[in-house]
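To keep things clear, I will list the structure first and then write my remarks on it.
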Ligand code: RP5
């Protein structure tokens, strides 16, 4: 069976951030395929990926990019699959540019936009799993166990 989640990113330099999405999926036992697909440097690769994603068997796409971050919106425009956008923290503007590029989609083509940087990437992985869990009771149980363990790990008082 093919991986249900695609993680795409605009550059190798995004992987340090996007790996957090991969790590979250690993913790829940959800398979993914991570690829570099740049809206600007590899536009033909972008079209081929986005148009073929559903036929490849993906169910959810996580797309991360920084700066003039067109990737998530362009992917969303060419697939009916849900697209989760992760604004990668840019050097010049600390990811504010990435965030606004991804979040301000015109009505009709949604991108579910997460927080800037590693927290956003982690949550994109968790949210992708939650979407898959709506039709996968075993995965839903894993998510509940993750939440329980997370709560148990929080001390009542600071040390
Ligand atoms: C974007 O430009 C990428 O998503 C990356 O965040 C940013 C910088 O890319 P590099 O110059 O590091 O390859 O397309």
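Any Cβ shown, glycine's included, is placed from N, Cα and C.
Keep in mind that TrEMBL annotations are predicted by a computer and have not been checked by a curator.
According to TrEMBL, the residue from 41, 45 that belongs to the substrate site alongside 11, 14 is 41. Among the residues the record lists as binding substrate, namely 11, 14, 41, the two farthest apart have Cα atoms separated by 14 Å.
Of the listed binding-site residues 11, 14, 41, the Cβ environment within 10 Å is emptiest of other Cβ atoms at 41. Under the three-state DSSP scheme, residue 41 (substrate binding site) falls in the coil class.
Averaged across the domain 'PurE' (3-154), pLDDT in this predicted model comes to 98.
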